[in-house]
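Peer 1: Handing you a structure now.
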């Protein structure tokens, strides 16, 4: 035991280094009597060896003893106050005893033995010591103060030396009054303020134990019992009575900075989250859920718009509609300072956000213009009422422009008004014609922004504005930005978007404003009538499909699987293949004709599958009517004359004439759903008239107008309970006339009032229209586009819960719906993350001056009396429209106007000083003429020239000499053949001169004498009269053409073609007479030494001939005056 005692003393000395050996027994003796630590525990029915624990358990128990939370259950131990039992203490020297034993796991799970159902408790965060933000720990329960502080009010039973008995009664909650609770709260706040000065716990070293000295004052202040906080904790959660453990008090030590905590944390603020994020201060922080945004800090030139500096200090948020929605507040604030794309589900207030932003830019600017554009006129009209009733923009400053207004009237509106509601087509026309000034526009609001792709008018408007104006804001509104990453990026690029605010129905900040929508998906199978029609049509089309298969133009076998898109792609692929390119014209015409017939009937197959037998029958009748008489092609008549086709028509005709016939199972289910809905709502129970008010409304979406008319026909049988009406677009189609915008607005108003309680709409009713409260949406056919699917479903559930019924056929239509749903959810996640998109923050201007930070001003907007007028703010028509103003060309900033030289484009602008200064030409100095001796070669230089430069190195001495003009006379009469470089004009003149010289014979003197005598006798009379003007023009044209000499051309033809005389003179006649007596040419090189007949003949020099020839040709040319400068001077 001696070794054990020595090791125990060493063990205790590690924690009490400041106590001497003499003072240690006294300190230990005093601590035993006054220590409030828990009593010793020993295991029941066990020996001392059973109570011994392994070192790991000892260290674990020491760690829990500091926090006051034992490790094992209370049922396994009994209180033992025997001071002499030292076997329960484990010495560090006994670690070797368990060295070879396998250590059990230190992780244990507490399982209460007396489990009872506890009610949910909502508590705030308890007082906690500072901890590093990267460490995540569990909750810490604070034990109550010692019971001695409340001895006068809470009696306890003790056994032994003042220790509470196990069956001591617990303190009641009723014993604590409000003063005690207030004192606890005050103490908690005081601990928060002193949090910076408290030392953080160390994770590497054991705590240093020091003597604890308590003063009565401290004990009285901390004597508040907080056991009521542990009322709902199970009784066996602790091993011993919790009232026996004293509270752990931290010692006051100098504060040290650890874990990289921020030094500028304000006092009195508690840490509520990780990484130094503190709670909000109510005095300077916005309400919970709202954010504070400021204009971005950018270095940009001042805007050209005139700003109202008094209004820039605040931005107004209207509270006319009641409660402020956090998401609308945050989105509107961000849309004021960034080019923003807002993606909100339908019915969540995109119009309110747009009206708020329009109001603030209307306040901030003095004369700038604000434009709201929407695809259709009904969408434009419904936005006007929102701006009048919510934002309070004066009606006198607002106008609605469409293409129906005259250009002169629109020009006046652009000059006088500031807020415009219009379609994008009208806007781009006014911008291009110069009626609208692009530099005055400060805000462009785009509704249904998912259309801003490709060459749509939205994209064209933004590009046009960007050319002339760099200081305007863009706000884009939509419910679904796109179905693919590429389409969303196209919208961002087309509108220069810098930020995206997207919300889904699962977003936390809009969940309380989204009403529940019960979606019911109903699938159907083909009816017996549909199967019969499919079989007969398959037999009709099978021969045509087989012909395409034999030509490898189409691979499908089942005619019922034909689609217009598939046939079009197959035709393109076959035409691009080798078989299609190499096929003869007849085969190509045959394949194209078969594809055209099958594509027309593929649409009929879709109508039969998904819409009903009646639309299918109407399409077949139209197909059959195209073959009457001589109309239609070979294969179209082959289909109509087929026996199966005739049998099909005979079956369909009596079915469609029956008014009670319903040609599709979806239509039968639709009728029952609509009837049940109105009967549950009590519609038409008292025989109401058709113009009475309706409490509930239904909207049915279809894909084709034929389907809409068929659904309306079936539902009209049950009037006045069901009062349906068709709602289609403006364009007219075969067998169906379109609806004008005025008619569309009238139907929407009647639907809101209850005149019609059911609308059967095509895609025109999907986008944007505020058609009132709809309680039931029926999608008669599925759309593979997630945009259209979401637009349809967004018509209901705006102000109360709504229902959606999807009618789908098994197979392709059901798969399309699942694909659209998955695609929508995936795209919403991608857009919200923003990691796969490129935003244009660099071209999103600040517009506001630097240093301006508008503060939110929530207030009620006073609506002007003029806004109460219900009519649209369209310009009034006049008897005589004003004259259209002349087109105005708006120039971008820093553009150079006027004309400029092409040479100055690359050199850049020159200053006037450079133009005025001309470089002075220096006077040339006379060159001194060298002496003759310095120019002439010396004898040595002459020899070097002869040997090195004129000797060609042959056996006999040969020297290079100048070309001889009399050598090779026969070859010099014609142009020698060339390969790359052709003969020049000088060469051709030289050849002509030599040819003329060759014509001179020895008897030329006698011949010319005879000619002169004959000419003097006739005195120059002409044999042939003057030529006609036509001949003269031909001769002049021939003279302008270049003359070419060829080997096959005779010398006489060359002579005749080069004559300059205009009349046929006797010389021509004589030359033609003596033509047969032509002699061989004579050359001087052929003369013999004995021939002295022409010794006196001296031929002219070659330079003289060339010079005179050039002077004669130049005499006929007209000189031109060339202007060296094209300037205005």
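Each position is counted from 1, following the chain as shown.
Just so you know, glycine gets a Cβ as well, placed from its N, Cα and C.
Below are the features I grabbed from Swiss-Prot:
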REGION    1-101  region 'Disordered'
COMPBIAS  45-63  compositional bias 'Basic and acidic residues'
REGION    124-222  region 'Disordered'
COMPBIAS  203-222  compositional bias 'Polar residues'
REGION    236-306  region 'Disordered'
COMPBIAS  242-285  compositional bias 'Polar residues'
COMPBIAS  297-306  compositional bias 'Basic and acidic residues'
DOMAIN    331-499  domain 'Helicase ATP-binding'
BINDING   344, 345, 346, 347, 348, 349, 350, 351  ATP binding site
MOTIF     447-450  motif 'DEAH box'
DOMAIN    674-843  domain 'Helicase C-terminal'
REGION    863-930  region 'Disordered'
COMPBIAS  877-889  compositional bias 'Basic residues'
REGION    1018-1060  region 'Disordered'
COMPBIAS  1028-1044  compositional bias 'Basic residues'
REGION    1072-1129  region 'Disordered'
COMPBIAS  1077-1086  compositional bias 'Polar residues'
Peer 1: Could you put numbers on the helix, strand and coil content of the compositional bias 'Basic and acidic residues' (297-306), residue by residue per DSSP?
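Peer 2: For that range the per-state counts are 0 helix, 0 strand, 10 coil.
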Peer 1: Quick test of the contact rule: Cβ under 8 Å, at least six residues beyond the ends. What residues does that give for the motif 'DEAH box' (447-450)?
Peer 2: 341, 350, 354, 372-375, 379, 383, 458, 476-482, 487, 491, 495, 767-768, 787
Peer 1: So what's the mean pLDDT when you look at the domain 'Helicase C-terminal' (674-843)?
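Peer 2: The predicted confidence over the domain 'Helicase C-terminal' (674-843), as a mean pLDDT, is 78.
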Peer 1: Tally every other Cβ atom lying within 10 Å of the Cβ atom of residue 347 (ATP binding site).
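Peer 2: That number is 19.
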Peer 1: Could you tally the C-beta atoms, other than its own, that fall within 10 angstroms of the C-beta of residue 350 (ATP binding site)?
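Peer 2: There are 24 of them.
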Peer 1: Can you give me the same-chain residues 6 or more apart in sequence from residue 351 (ATP binding site) with a CB-CB distance under 8 Å?
Peer 2: 382, 383, 386, 390
Peer 1: Which of the three DSSP-derived classes (helix, strand, coil) applies to residue 347 (ATP binding site)?
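Peer 2: Note: residue 347 (ATP binding site) is coil by DSSP, not helix or strand.
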